[in-house]
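S.K.: Positions annotated as active site by TrEMBL: S785, K828. According to TrEMBL, the feature ATP binding site maps to G410, P411, P412, G413, V414, G415, K416, T417. Among the features that TrEMBL reports, domain 'Lon N-terminal' is placed at 12-257. Annotation comment: TrEMBL describes 694-879 as domain 'Lon proteolytic'. Here TrEMBL flags 67-101 as region 'Disordered'.
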Amino acid sequence: MAESVVELPSRLAILPFRNKVLLPGAIIRIRCTSPSSVKLVEQELWQREEKGLIGILPVRDSDELKPLGSSVSQGAGTDSLDPSVKGQGGSSDSHKLDTKKQNDVVHWHARGVAARALHLSRGVEKPSGRVTYMVVLEGLCRFSVQELSTRGTYHTARISSLEMTKTEMELVEQDQDFILLSRQFKATALELISVLELKQKTGGRTKVLLETVPVHKLADIFVASFEISFEEQLSMLDAVDPKVRLSKATELVDRHLQSIRVAEKITQKVEGQLSKSQKEFLLRQQMRAIKEELGDNDDEEDDLVALERKMESAGMPQNVWKLAHRELRRLKKMQPQQPGYNSSRVYLELLADLPWQKASEEIELDLRAARERLDSDHYGLVKVKQRIIEYLAVRKLKPDAKGPVLCFVGPPGVGKTSLASSIAAALGRKFVRISLGGVKDEADIRGHRRTYVGSMPGRLIDGLKRVAVCNPVMLLDEVDKTGSDVRGDPASALLEVLDPEQNKTFNDHYLNVPFDLSKVVFVATANRMQPISPPLLDRMEVIELPGYTPEEKLQIAMRHLIPRVLDQHGLSSEFLQIPEGMVKLIIQRYTREAGVRNLERHLAALARAAAVRVAEQEHVVPLNKGVQGLATPLLENRLADSTEVEMEVIPMSVNSGDISNTFRVASPSVVDEAMLEKVLGPPRFDGSEAAERVATPGVTVGLVWTAFGGEVQFVEATAMVGKGELHLTGQLGDVIKESAQIALTWVRARATDLKLAAAERVNLLEGRDVHIHFPSGGVPKDGPSAGVTLVTSLVSLFSQKRVRSDTAMTGEMTLRGLVLPVGGVKDKILAAHRYGIKRVILPERNLKDLVEVPSSVLASLEILLAKNIEDVLEQAFEGGCPWRQHSKL
């Protein structure tokens, strides 16, 4: 079967291919990026659409030249063995002709292939804006280069076709040698197609080519699909004679077929003799042998040897070593792909990493230095710091003493966690924090059993692994926020941890061997004691941190918070100054917390505002004004006068003093009241709130305790037409509801004595209901300390007499009118002091708790003690209880 001959023009634009040959019938995709190749595609293909043809010439450098084919020089008219031309070639992604220097030599092959574009797409690279083309080319026919010249940025060539005419091809097809070669090629090609169909599951489209495409074209197509060398590609391109071409193609196809058969035989033999595990074992053995030859001994066996040495040096107890050694022997017999291999190895690595005997050497305890460290880190907290010093003194006299577990209880932001870190610093031990907030799974303490998927050790063992010593200071943070569900009770698991008689043999479920925790110094923190289970609370010594007075907050802010905030925001006192008076206003008007976190947030807001001002002013610094301050190592070159510095590189070795000199502003920002309101907004609190809210009868100021410290709580009572019912609102608990019922019962029983009813046996609630409300209904409220406050509100309501606005009270009562003691006295008195209250009514039996209240706070308050409700009423109203002289009390 003959094919129509392609008509070629006398000249073609030439696109060079480096170390690559395009054969007739083959299809290739290239990406043109160089200016010469882009120009060629635009003028010869893009503008001519489907009519454009180009020539593809193989090209290579002089150092790669071998006398295997002919090459042509620019301007030559005949083939020559080793001429060269100087020039620049086009480029593509896969066949990139690098841009050469003027003296570099590029060798052009004398024969090439004419190609036409099947697909063209244009793109623009960002951000350079360079135009690129993606071209799909199909090889058409061979040609010979007669003359090579340059047109603009790319090359052109005068060519002559090497294809036979139709008549010449018909004569060749009748040649017996050609017929024999054709049959041999088709048989080999058909056999290759059959093998590929079985291996790659391809369709029968390739077989159609054998019947429809001329055999001399088919030879080029088949060879183009193989991975062969550049020299073999050139020899195929130079095979102009169809018989020579078929002979070469048959040889290449047969060689490709034999390589596939050999690979299949090896694969079948290996798969027949080896299972999957055996195959992997063999490959690993081969890999081990290769690594030994290369001197790389980082294989699995060496890893296990290193693990064994690490386990031997870990200092495990004898019973633990026996178990670990037995597990290691079992691991050595396993293959890495077997189930359980990784879990066993991770388990042994954990045993090797645990600090069985490794301990940090304690420094010699210097109580004076420890006291100075505590005083520098924490202001106030005299009782707490004294207890810590006592703890350290005992440790100094008896290092192996079984000291108590200190539990710091207090609202957020009072320094509980930092106190624990100060203890670690004083002891010279490492510090590790274990957060227990929200933990509901016992496995977080004791670990999971290794039979579970994804098992891991408990948080205590993991913490010891991280610090790598067996005697750290371990902080059990938020111990009151553990919960319990179907997965167990973490608080119960802590009983063994915190008991010095039991934690010598703490058993983590993951380890499954005892671990000695007796050398660990445990410190716990909590916001409240009530959620902690009594057995766990019995293991610890509770130290309460009720909060800070405004004076203490002021000193903490001036000594600690302001320097830290300025440093965190890249500022100094040269940029921002916050006077003591302004800090007092922030404490009084914007914060009423027990701790200092909100105070620090407000100071940070002021620092951010100052940072914006500094950053806006420092864009440009005139040198004629600031060159004196800039005469530091920062300036390496002298700058001319009246110039400006827009950007300056600061070396990493420059200290903070140099940096502050570099970024000096004209004047620092001094915080005043106007700046406070601008940055922090209008004041949230003022001293007139109590007077305004207690302006009407039925309103009383009470003191309550919360997890965030003491708080002032208003109690409001009002009466309305009704059926004698009591209504309570404010998200109240059962205990406080019962206190309200008891208070109403007592007032109704003493209504006549208090002149609240005209005569005895008169129902105080006849025809009206009483509604008692605790504001801030979104906050849950409960507890046995609101009885006296409720009674005072009801008496004020029924008598229409106002309670003193400068008086707050706390205490519970019995049905007979006795005032019972309450807890959290120090927190409540501090809250009253922060709120501006002047008088506080306390149960008489709480007199002993006033020892813990700072003397400065007691000096600003009038403490009134009450034994029964009558004493409370006597002090709560202006001028005393106006009905006392008429009552039988």
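From the backbone N, Cα and C atoms, a Cβ is placed for every residue, glycine too.
Heads up, TrEMBL stuff is auto-annotated, nobody curated it.
Owing to the predicted nature of the structure, the values given are computational and were not obtained by experimental measurement.
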S.K.: Take the mean position of the Cβ atoms of G410, P411, P412, G413, V414, G415, K416, T417, the recorded ATP site. Which other residues of that chain put their Cβ within 8 Å of it?
M.R.: F408, T525, L545, A594, G595
S.K.: Give me the CA-CA distance between K828 (active site) and T417 (ATP binding site), in Å, as a whole number.
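M.R.: Between the Cα atoms of K828 (active site) and T417 (ATP binding site), the distance comes to 23 Å.
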S.K.: If one measures from the C-alpha of K416 (ATP binding site) to the C-alpha of S785 (active site), what distance in angstrom results, rounded to a whole number?
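M.R.: The Cα atom of K416 (ATP binding site) is 26 Å away from the Cα atom of S785 (active site).
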S.K.: Give the residue from the recorded positions K416, K828 that has the most other Cβ atoms within 10 Å of its Cβ, counting over every protein chain displayed.
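M.R.: In terms of Cβ crowding, the pick is K828.
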S.K.: Counting only other Cβ atoms and using a 10 Å cut-off, which of the recorded positions P412, G413, V414, S785 scores lowest?
M.R.: P412
S.K.: Give me the CA-CA distance between P412 (ATP binding site) and S785 (active site), in Å, as a whole number.
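M.R.: Distance (Cα to Cα, whole Å): 22 Å.
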S.K.: Rounded to the nearest Å, what's the C-alpha distance separating T417 (ATP binding site) and S785 (active site)? Just drop the number here, would you?
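M.R.: Per the Cα atoms, T417 (ATP binding site) and S785 (active site) stand 30 Å apart.
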